[in-house]
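Worksheet: one structure, shown below.
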Amino acid sequence: MASDHQTQAGKPQPLNPKIIIFEQENFQGHSHELSGPCPNLKETGMEKAGSVLVQAGPWVGYEQANCKGEQFVFEKGEYPRWDSWTSSRRTDSLSSLRPIKVDSQEHKIILYENPNFTGKKMEIVDDDVPSFHAHGYQEKVSSVRVQSGTWVGYQYPGYRGLQYLLEKGDYKDNSDFGAPHPQVQSVRRIRDMQWHQRGAFHPSS
């Protein structure tokens, strides 16, 4: 018989999402645990988010309440201070969160130069791409079609800059995925059960 957390194939089942927000850095001070969407962290009594511990994820956090503003992807791991979950270093504000649904082992994404899925395109299947330029794609990214899997796009190569969560579906222009400009230069898959010791995704050098 399979155990509680094992499927018949022996693969671990996804755990219920769980994230703990601390008011101070290094997991100090008042804390609040979430297992579902939180449109406004302040309504839980938290003045600010100084550090984050993801026990089961992944999650996406937002700079503003009601899932607006800059996005931050959190995978299972420790985030001892705000600059461990953002490399854009534009804001230390974290005001709302929700779990990310990861329901596909397959990953396929198509990025288009122009809005409405026109112009030059780049198709990526089951791979992480730290630099579009290295793959010969030097165009802007104005629209995106995610056919399977869940992805995160980054403003700059090497998984740096602003982050854009790309879930299954069509994004007709860059504002649909939260980008102020049609600039995405690296992309990676979000896979459940990943563990990042240092929190934010750090590619191996």
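Glycine is no exception: its Cβ is also placed from the backbone N, Cα and C atoms.
What you are looking at is a predicted structure, and each value in this text was computed from that prediction instead of being measured.
So that you can see what the record holds, here are the features copied from Swiss-Prot:
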REGION    2-16  region 'N-terminal arm'
MOD_RES   A2  N-acetylalanine
DOMAIN    17-56  domain 'Beta/gamma crystallin 'Greek key' 1'
DOMAIN    57-101  domain 'Beta/gamma crystallin 'Greek key' 2'
REGION    102-106  region 'Connecting peptide'
DOMAIN    107-148  domain 'Beta/gamma crystallin 'Greek key' 3'
DOMAIN    149-191  domain 'Beta/gamma crystallin 'Greek key' 4'
REGION    193-205  region 'C-terminal arm'
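If you look at the domain 'Beta/gamma crystallin 'Greek key' 1' (17-56), the same-chain residues 6 or more away from its ends with a CB under 8 A from one of its CBs are 65-67, 74-82, 85, 92-99, 199. Beyond the domain 'Beta/gamma crystallin 'Greek key' 4' (149-191), the same-chain residues lying 6 or more positions past its ends with a Cβ under 8 Å from any Cβ of the stretch are 58, 60, 70-73, 75, 86-88, 90, 100-102, 104-109, 111, 115-117, 124, 126-134, 140-143, 201-203. Under DSSP, the residues of the region 'Connecting peptide' (102-106) split into helix, strand and coil as follows: 0 helix, 0 strand, 5 coil. Across the residues of the domain 'Beta/gamma crystallin 'Greek key' 1' (17-56), the predicted structure has a mean pLDDT of 96.
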